[in-house]
Each structure stands twice: as structure tokens, then as C-alpha cells.
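Pulled from TrEMBL:
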type	residues	note
DOMAIN	2-336	domain 'Isopropylmalate dehydrogenase-like'
BINDING	R87, R97, R121, D212	substrate binding site
SITE	Y128	site 'Important for catalysis'
SITE	K179	site 'Important for catalysis'
BINDING	D212, D236, D240	Mg(2+) binding site
BINDING	G272, S273, A274, P275, D276, I277, A278, G279, K280, G281, V282, A283, D284	NAD(+) binding site
Amino acid sequence: MKLAVIGGDGIGPEVVAEGLRVLRAVHDKVETTDYDLGARRWHETGETLPDTVLDELRGHDAILLGAVGDPNVPSGVLERGLLLRLRFELDHHVNLRPVKLYPGVTSPLAGDPTIDMIVVREGTEGPYAGAGGVLRKGTPHEIATEESINTRFGVERVVRDAFARAQRRPRRKLTLVHKNNVLTKAGDLWSRTVTEVAAEFPEITVEYQHADAASMFFITDPGRFDVVVTDNLFGDIITDIGAAVTGGIGLAASGNLDPSGAHPSMFEPVHGSAPDIAGKGVADPTATVASVAMLLDHLGLTAEAAKVEKAVAGSLAARAASAGQPLSTREVGEDLAQRAVAN
Ligand code: NAD
Ligand code: IPM
Ligand code: MN
């Protein structure tokens, strides 16, 4: 496996080190290349993602990324110039975000809910596309527009991906989350596309929820969701809610997929660089390790993926049952690696 590694900023390198520890524990044919991208490089060279680096990344089987973003870099420079550029250039149109409450993990929600859904977040369009502009900057009449781009091609391919996933899951349910009561142009495109594709999947129950109500139901009744398909921005927001109700942002994994395989897919925790805890060795690497399980699965290494997934479940159950001190980043990584080997 030729793996490109981008530790990035803040806790990124700390959690990625543990992700690699677990990966190497289950798969001995990993050839990694480290890419020094993020705040340090930007400060030194002004570069976020040089074209030459992007070209090299294309030659890998997959990318493992920690996090990007730094309080001493203007907001958006690294997020857009590095992370979103990777997602766009490598056509990561399926941003896959499982939202799952593992046995033993305490949810802040009452009544021990069952939460097991997959959010299929569109990854290359919507308000993230970067269209828009600023007029009369700095005047009292400044106008800032941020346009949401939604193409039939872009919406249809992610909707099809979500239907195919729903088809493989026992509950066979798909919920479109949007805001078609206000965003009538994009919302209508999404709704029509779901209705049309649904005709090819008669076994699947299709629902629609407005994004505001969906945010409420993620908290009051998360068990109603199975596969959720949604646009880039709604997907960003609801998956942080999903993380919060399933034990916290330190556990939430993601894959930025180009399901066609034309470009390497990229795996990363849902969380950011967490400047408030960076360098302290206390970040939870579980989300990154769970993202490594997704990476293995994506590359067809299903037995290895299952070992890592089982290690995550076992470690979370053990941590929930123990009343001891919280473990360090490294201790969690070592525990996960040991469990993965034992599985
Ligand atoms: P964040 O996810 O970095 O942090 C939010 C809170 O969660 C913080 O209190 C943090 O300490 C905690 N947290 C996050 N990951 C944790 C972990 N593994 N273990 C324990 N606690 C953890 O979000 P933010 O504060 O909104 O953003 C900080 C920076 O990260 C910004 O520059 C933002 O743009 C960037 N960001 C990057 C990504 C990414 O690279 N994919 C994602 C989100 C935010
Ligand atoms: C995430 C992050 C990114 C996003 C930012 C850092 C660009 O919040 O991966 O969820 O909004 O997609
Ligand atoms: Mn986010």
C-alpha cells in the first residue's frame, strides 16, 4: 500500500501517528510518504498545496490526513488552500461519515438510544465551491455573496451512491436532508433527483427532512435515520451533531471518497486541529484509527478493516467500563494496536 500521510496542524500529527501505529499493526506492507503541509509550511514558504505535491499525491493508493487550520494563519487559507483543494482536485464527491453509538459509550442523550447511520455528505459542490464575491469592501454598503453550486451531475452521483449504500443495509431507508422550503432552486434539484433515482430502488423507504428539523431529530430521535444524503454544508453541520450524540468529536471518522477509483481517496477524523489541546498528548486518536478502518475497507482489505473496527469497539467498551484516569493519545493508540493484532 502506497500511503500519503499529511499530519497537518495542531493535534493532526499526534492522532495520525497513532493511526499509523494501528495500520502497521494489521498490515505490514505499508509504504508511507510524509507530506509537510499546513501552517508551518505556509509561514515559511507561503505555499498551501503546490501543484508538484498534488501530482505526487495522485500516485498514492490513499491519503491519511490529520487536521488543518491554525489560529496564526488567517481563517480559510489552509482550510480552502489545502483541505478543500485536495477534496476538489481529487474529486472526493462522497464524504462518508458514519454516525454510530458504540456499545458502552455514553451518549449525552437520554434513554440509551440506538444510533447507527451513515451520512453521505456531498463533497465537491454547494456553498463550498467558492463562487461569489465581495463588493464595496470596507464600506457600510459592503455586499458579500457566497453562492451554492449544485449541478445535476454532482447531485445525482452522490444521491446514487447513497441509494446503493441504503440498499446494502438492513433497514433500507434513505433520508434527504435539505432546506427546500427556502433554498427553492437547489432544494428542488436535490428533491427531484432523489425522487427520480428512488424509482430504481423500490425497496428503499425514502424520507425528506428539512435541515433544521433533522438537526433536532439527530438529538431527540436519532434512531429514525439510516442513510442520510445531504449537501456539503448541511452535511458538515449535522455530522458534528452526530459526533456529539455518539460520544464526542474524538470518535467521529470520515472518508473523502472518489468511488470511481480514478483518484486516491482520503481518510481523516471529522474533528479539526484542536489548538486548545495541541501538543499536550491528550487528543483522542480513536477517530483517526476508525478512519484507518475505513481506509482499509476502501482498499479491499476487509479482514484488516474488521480487526481495526473491532479494536475500536473493544477499546471504547473497556474505556467506558474503567473509572481510571483518561488515557493519553499514545496510550489509546497502543491499546488499539494491541487489540487489533489480537483480533
Ligand atoms: P475542532 O474540532 O478542532 O475542536 C473543537 C473542540 O473539540 C475543541 O475543544 C477540541 O479540543 C475538541 N477536540 C477535537 N478533536 C479532539 C480529539 N481528537 N480529542 C479530544 N478533543 C478533541 O474544531 P474548531 O475548534 O472549530 O477548529 C479548530 C481548527 O481546525 C480551525 O482552524 C478549523 O478550521 C480547523 N478544522 C479542520 C478540520 C479538518 O482538518 N478536517 C475540521 C474541523 C475544523
Ligand atoms: C470538516 C471541516 C472542514 C469542512 C473545514 C475545515 C474546511 O469542518 O472536515 O468537517 O467544513 O468540511
Ligand atoms: Mn466540520
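In case you wondered, yes, glycine gets a Cβ from its N, Cα and C as well.
Whatever TrEMBL says is automated annotation, not expert-curated.
Structural mapping of features recorded in TrEMBL.
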{"residue": "R97", "record": "substrate binding site", "Cβ contacts under 8 Å, 6 or more apart": "I118, V119, V120, R121, G235, T239, G242, A252, A253, S254, V270"}
{"residue": "Y128", "record": "site 'Important for catalysis'", "Cβ contacts under 8 Å, 6 or more apart": "L84, N232, L233"}
{"residue": "K179", "record": "site 'Important for catalysis'", "Cβ contacts under 8 Å, 6 or more apart": "G187, H210, A211, D212, F234"}
{"residue": "D236", "record": "Mg(2+) binding site", "Cβ contacts under 8 Å, 6 or more apart": "R121"}
{"residue": "D240", "record": "Mg(2+) binding site", "Cβ contacts under 8 Å, 6 or more apart": "I249, A252, V270"}
{"residue": "G272", "record": "NAD(+) binding site", "Cβ contacts under 8 Å, 6 or more apart": "G10, A67, V68, G69"}
{"residue": "A278", "record": "NAD(+) binding site", "Cβ contacts under 8 Å, 6 or more apart": "D9, G10, I11, E14"}
{"residue": "K280", "record": "NAD(+) binding site", "Cβ contacts under 8 Å, 6 or more apart": "none"}
{"residue": "V282", "record": "NAD(+) binding site", "Cβ contacts under 8 Å, 6 or more apart": "P326, S328, T329"}
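Counted within 10 Å of its Cβ, the other Cβ atoms near A274 (NAD(+) binding site) come to 22, all protein chains included. In sequence order, A211, S215, L233, F234, G235, I237, I238, T239, I241 are the residues of the same chain, not among D212, D236, D240, whose CB sits within 8 A of the CB centroid for the Mg(2+) site. Among the recorded positions K179, A274, D276, the residues whose Cβ sits under 6 Å from any atom of ligand 1 are A274, D276. Summarising the environment of D276 (NAD(+) binding site), the number of other Cβ atoms within 10 Å of its Cβ, over all protein chains shown, is 9. For the binding-site residues D212, D284, counting C-beta atoms within 10 A of each C-beta gives the highest total at D284. Ligand 2 lies within reach of D236 from the binding-site residues D236, D276, D284, judged by a C-beta closer than 6 angstroms to any of its atoms. Around R87 (substrate binding site), the C-beta neighbours below 8 angstroms that are at least 6 residues distant in the chain are N95, G123, T124, N256, M266. Cβ neighbour count for R121 (substrate binding site) (all protein chains, 10 Å cutoff from its Cβ): 27. Among the recorded positions R121, K179, D236, residues whose Cβ is positioned under 6 Å from ligand 3 are identified as D236. According to DSSP, A274 (NAD(+) binding site) sits in a coil region rather than a helix or strand. Under DSSP, Y128 (site 'Important for catalysis') is assigned to a strand (E or B) in the three-state scheme. Residues R87, R97, R121, D212 are the ones the record ties to substrate, and the longest Cα gap between any two of them is 26 Å. Confidence in the domain 'Isopropylmalate dehydrogenase-like' (2-336), given as mean pLDDT, stands at 97.
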